[in-house]
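What follows is one structure encoded as structure tokens, with my remarks underneath.
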Amino acid sequence: MYVGYVLDKDSPVYPGPARPASLGLGPQAYGPPAPPPAPPQYPDFSSYSHVEPAPAPPTAWGAPFPAPKDDWAAAYGPGPAAPAASPASLAFGPPPDFSPVPAPPGPGPGLLAQPLGGPGTPSSPGAQRPTPYEWMRRSVAAGGGGGSGKTRTKDKYRVVYTDHQRLELEKEFHYSRYITIRRKSELAANLGLTERQVKIWFQNRRAKERKVNKKKQQQQQPPQPPMAHDITATPAGPSLGGLCPSNTSLLATSSPMPVKEEFLP
């Protein structure tokens with residue numbers, strides 16, 4: 001065959017006429033010998049194995065915190081474990097070790113019940129005199145005035161003011177006879193009245209004051225005696241005597257009238 005011819009022929013690839021022992025296996029098992037190993041491309045590469053790698057470029061962030069040393073754990077020991085939260089501990093309330101701060105001692109009931117200007121408090125010389133506004137210091141007893149209501153009259157309802165409402169309205173009337181709109185709204189809100197009720201109260205209070213002042217003026221004026229006329233009594237005699245001569249003179253001077261006599265047959 002052709003394979004045997006090539007092997008028998010002297011060639012520079014297979015020198016020598018000797019046939020290899022593998023020729024008896026047939027043409028399928030025979031193949032060309034493996035080429036010799038090629039020399040390394042960089043024979044001196046091993047000489048650079050001792051070169052250290054280049055350092056990595058620095059990053060923008062620094063290194064993290066170092067791990068805790070072993071001697072720290074040995075010196076301080078592990079920290080106490082946090083207790084697990086129970087549903088009862090989540091409820092609102094003071095902590096177990098909470099102790100309220102004691103309140104400062106206040107004045108006893110005896111001090112509160114002591115009135116102003118009593119024997120325990122020093123009184124000034126001016127406190128002995130009663131002030132002209134003593135009525136302003138009166139306090140209405142609880143439940144004494146009753147609630148604000150209305151009473152029925154013949155034609156309309158009349159508002160019944162409580163003692164507290166009248167006291168506050170009197171205070172305002174003492175300082176100003178004519179209430180302003182702003183003050184009227186404030187008083188109505190504080191006393192539980194309407195602005196119309198406050199306005200009507202001030203109108204009635206001014207009318208009452210005018211009536212009282214007029215009555216005082218009449219009482220202060222002294223009573224005047226009635227006007228006496230000068231009447232002089234004259235005796236009747238002289239006056240008649242004075243009038244009679246004049247009348248007689250008039251009669252004497254007058255001519256006598258003729259009297260006509262008529263006779264009946």
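Glycine is no exception: its Cβ is also placed from the backbone N, Cα and C atoms.
Listed in Swiss-Prot for this protein:
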DNA_BIND  154-213  DNA-binding region
COMPBIAS  30-42  compositional bias 'Pro residues'
COMPBIAS  73-92  compositional bias 'Low complexity'
COMPBIAS  93-108  compositional bias 'Pro residues'
COMPBIAS  110-126  compositional bias 'Low complexity'
COMPBIAS  207-217  compositional bias 'Basic residues'
COMPBIAS  245-256  compositional bias 'Polar residues'
REGION    9-153  region 'Disordered'
REGION    157-178  region 'Interaction with DNA'
REGION    196-207  region 'Interaction with 5-mCpG DNA'
REGION    207-265  region 'Disordered'
Counts by DSSP class (helix H/G/I, strand E/B, coil) across the region 'Interaction with 5-mCpG DNA' (196-207): 12 helix, 0 strand, 0 coil
The DNA-binding region (154-213), counted residue by residue under DSSP: helix, strand, coil: 43 helix, 4 strand, 13 coil
